[in-house]
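What follows is a single structure, written as structure tokens, with notes after it.
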């Protein structure tokens, strides 16, 4: 190594150290550097697109040319509220999302409890991997696999329709319910379960008064996943839903076949509003205070 | 045996190939303050958990007040536990925590509240009933845990390292307080600790655990003054073992003997003539540790053993004692303070030294 190269190394190291020292002394600069990328993403890409959606919902299309008319109008929302079909579809979507959430919760809680509290550390790892495995397979493949299962000649043979949609969605989103509840139960100290039994409580009582209240935030987190994913889905419905339509299909059809982007945007605000109402309701229970 | 609060017979517990508890027999009398003392991994906590019902024994029986409860669930046993990290329910107020056991037993609202507030009074936590556990200090949480267990008036109160998480000052306060509370309520206290001082100061009797077995059961004085094994001598206090060649040279007899550090008198200079009932040995001070009220001298005897002597700092200061490193001294002690120890090897586990 030549002398000048060695000197260059020394200078680079010195500069690095000066920068590091500067950042160490200026905590605010450090924090803003750390947060700049996530904040830019959140601000522009995430909230920006939501804002664009919201603005678009108040525009309309020219019925003759199909061009966007960027003039404020309530027309889309009026159609949405007055149209019998849309109310039916919205209620149906709500019902499907709620059913999927409840089914997933009923399956996921015992599963997560067994994983977090009963399994040995070794089998715990394996169970987590097993729960995650279906997420590695393509969504479409899984949905079509259910189509085969449900077809009149298939193993289940239920045929297509709302029941089929609910079953398939419950299967697809189950890991999103198991994992948060599993994490929540992992955080719950075993000593609390011991303490409850020690004070005379049987299993069910301990579940009601200790386990459930302390894991409720995790259940809420899981339900947000299953609920919102179900509410926005349109592919599964297309594959196994038969003739029934959900909000997602209305959005999809208005973007595609009907070429009415503003109306699609207006429809798309419905799930957003439902989720906001849901979160506000959950917040009122105080379940998120302990997060 | 109606007077026994707890009786353990041939109690064993294996986790896989590890035998955590390897045959424990123990009787704890009604109203006793009993300590299970031992290093971590000695099986004392597992024994406690088997008495509470959180673990079921591989073999042996657990009796509470003469009733075999070996196969009963925790909620069927008349014991309550104060957990090591207190295990307070974080989503309930202090009052709700204390009321929990009574609520489960369907005690009506007003007597329930009354008893809970009374229990909080007895641990000096009046006015804290509406707080959450997260808003309390470690010592306060410890007392809530105590109240939550005591309010059920159990036959036996189990305490798992109850003071382990507290700082020294608070721990000393709580030692006195726990003792007072136990005297007040008259409930049998059975507590687990690895702190020998805690065990000696608080309990009526102590069981010393080692490798899943009990080495010795006795009063604190018996355990300290007459340890039954080298392990007990070493774990409870400093053992100061004199054995083999050194025992022959210094004491003129065969075997292994132990003298407690505070029983040794440090005399400056060589060849101090001992009194009629005394032994003495000369050596060199290799280390002086000044510890406020007392000073520890590490002395290498000419006979080839190292003894530790503890001297009260009655008149001296650190300036005086520090200069003693490397000087010649004699250690003098009364013969009745040297006691023979049955086994030599510390490593080999042995059968419990009691019936």
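For all residues, glycine too, the Cβ spot is worked out from N, Cα and C.
If you look up TrEMBL, you'll see A:90-282 marked as domain 'ABC transmembrane type-1'.
Feature annotation from TrEMBL assigns transmembrane segment to A:33-59 (among others).
Taken from TrEMBL, the feature transmembrane segment applies to A:94-114 (among others).
According to TrEMBL, the feature transmembrane segment maps to A:126-146 (among others). Distant neighbours of the transmembrane segment (A:126-146): 111, 114-115, 119, 164, 167-168, 171-172, 174-175, 178-179, 182, 235-236, 239-240; these residues of the same chain sit at least 6 beyond its ends, with a Cβ under 8 Å from one of its Cβ atoms.
Per TrEMBL, transmembrane segment is recorded for A:158-179 (among others).
Sequence-remote contacts of a segment are chain residues at least 6 beyond its ends whose Cβ falls under 8 Å from one of its Cβ atoms, and for the transmembrane segment (A:210-231) they are 93-94, 96-98, 100-101, 104-105, 108-109, 113, 169, 172-173, 176-181, 183-185, 188, 192-193, 196, 201, 247-248, 271, 274-275, 278-279, 282, 285, 287-288, 290-291. The transmembrane segment annotation in TrEMBL covers A:210-231 (among others).
Positions annotated as transmembrane segment by TrEMBL: A:261-281 (among others).
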### Message
Six or more residues beyond either end and a Cβ under 8 Å away: which residues meet both conditions relative to the transmembrane segment (A:33-59)?
### Response
23, 68-74, 76-77, 261-262, 265-266, 268-269, 272
